[in-house]
Amino acid sequence: MGSIPPRTLLLLLAGALTLKDTQAGSHSMRYFYTSVSRPGLGEPRFIIVGYVDDTQFVRFDSDAASPRMEQRAPWMGQVEPEYWDQQTQIAKDTAQTFRVNLNTALRYYNQSAAGSHTFQTMFGCEVWADGRFFHGYRQYAYDGADYIALNEDLRSWTAADTAAQNTQRKWEAAGEAERHRAYLERECVEWLRRYLEMGKETLQRADPPKAHVTHHPASDREATLRCWALGFYPAEISLTWQRDGEDQTQDTELVETRPGGDGTFQKWAAVVVPSGEEQRYTCRVQHEGLPEPLTLTWEPPAQPTALIVGIVAGVLGVLLILGAVVAVVRRKKHSSDGKGGRYTPAAGGHRDQGSDDSLMP
C-alpha cells in the first residue's frame, strides 16, 4: 500500500481543518477531494472526506483493502444501505476523473510524469438556521497552489494562471458553472438539511468552552499571557485580549481552532505584556454555548506569607511550652534540694538549653 507524501498530507489536513468562516447560527456541508500521483506504484491515491459543520461524517480511501465510502459519524447509520453503494460508485468515478486531471495538468505545466503531484478540490454549501441557502463555493488546487475557483456568483470562474485558463475556457464552453451552481443551491442544501436532522443531537448542540489564563515569563521585563478555550462545540468562537478595556487585536497571537480529538475544539490567544501590568489585561471569550461572554484575568498563585507566619507561630508556641516545662522541673528540683542548703545548678544545665535550641528548624 502506497503512502501520501507528508507535504500532501499537510495540504489535505490544512484543507480539512482550516474551516471556512461561517455566520453565527448557520450550518455547512463541505467535501475535500485529494488525488496524489505516485509514478511506478500504480493508480493515484484518491481520498474524500466530508464534513457537516465541524464533524466528519464520511470518508473514502482508494488504498483501503476494499475501497468504499465509509461512515464516520454514528448518526449516519440511519441512511439506507443503497446510499453507501451509490456514494462508493460516485467516489470511484471521481477518482478516474481526477486521474485524468493530473495527466492534463502535467501537459499544461509541461512537467515530467516522473514526479508525484496532487490535484485537490473543496466545495460545499451553507444554510441559515432555518435551512435557507446563502453561500456556496468550489475551488481547485494543483500541487498545493490555487488553480481555478468558482466565483461568488456561482456563474463564472477565476483562473489562477495561464495553465488554468485552458480549463476555464473548456468549462465555460461546457456550462460547468451552471451545473455546479445547481448542485450547490439545491442538492447540496437538501442533503445538508437531511444530515442535520439525522444528527441533530450532535450537530445542533452547544458545548461551552472551559477557559483559563496562563502566565509565561519571557524576560525580566515581559511576560506572555495565554488565554485558553477548551472542549467547546461548535468550532466558532471569539477570544479577544483587552488592555484597560481596549481591544489588543494587533498585538494578539491567535492560533486556528483545532480539533480536541473528542468531537470538541480548542483555541488559544496570547499577548505579551510588561511585567507587573498583568492585571490590566483581560481575555473576553464569546461562544454560543455561553449564556454571556466570559471575562478572564490571570490569577497569580497565592503567596506563601500566611504559611510562613503560621510555621513561625507554631515554632514559637512549641518553644514557649518547652520553656514552661523546664521552669517547672527546675522549681521542683530546687524545692527538693532546699532541705540541705543552697541549690547549686547541675553542670549539665546549659546543655538542656542547648538541647532546646536544637529543636529549631
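Just so it is clear, glycine is given a Cβ too, placed from its N, Cα and C backbone atoms.
Feature annotations, reproduced from Swiss-Prot:
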| type | residues | note |
| --- | --- | --- |
| SIGNAL | 1-24 | signal peptide |
| REGION | 25-114 | region 'Alpha-1' |
| CARBOHYD | N110 | N-linked glycosylation site |
| REGION | 115-206 | region 'Alpha-2' |
| DISULFID | C125-C188 | disulfide bond |
| REGION | 207-298 | region 'Alpha-3' |
| DOMAIN | 209-297 | domain 'Ig-like C1-type' |
| DISULFID | C227-C283 | disulfide bond |
| REGION | 299-308 | region 'Connecting peptide' |
| TRANSMEM | 309-329 | transmembrane segment |
| TOPO_DOM | 330-361 | topological domain 'Cytoplasmic' |
| REGION | 335-361 | region 'Disordered' |
| MOD_RES | S355 | phosphoserine |
| MOD_RES | S358 | phosphoserine |
From the DSSP assignment alone, can you count helix, strand and coil residues within the region 'Alpha-1' (25-114)? 33 helix, 27 strand, 30 coil
Inside 10 Å of the Cβ of C227 (disulfide bond), count up the other Cβ atoms and send me the figure. 27
Can you count the other CB atoms that lie within 10 A of the CB of N110 (N-linked glycosylation site)? 7
Between C283 (disulfide bond) and C188 (disulfide bond), the C-alpha gap once rounded to whole angstrom: 38
Give the helix, strand or coil assignment DSSP yields for C188 (disulfide bond). helix
Neighbouring C-beta atoms (10 Å sphere around the C-beta of C283 (disulfide bond)): 27
Expressed to the nearest Å, what is the distance separating C188 (disulfide bond) and the residue listed as 'N-linked glycosylation site' at their Cα atoms? 36
Inter-residue C-alpha distance, the residue listed as 'N-linked glycosylation site' and C125 (disulfide bond) (nearest angstrom): 34
When you measure from the Cβ of C188 (disulfide bond), how many other Cβ atoms are you left with inside 10 Å? 23
Using Cα coordinates, what distance in whole Å links C125 (disulfide bond) and C227 (disulfide bond)? 32
Under a three-state reduction of DSSP output, how is C283 (disulfide bond) classified: helix, strand, or coil? strand
What is the average pLDDT across the region 'Alpha-3' (207-298)? 96
Assigned conformation of C227 (disulfide bond) - DSSP reduced to three states: strand
Could you check what DSSP calls C125 (disulfide bond) once collapsed to helix, strand or coil? strand
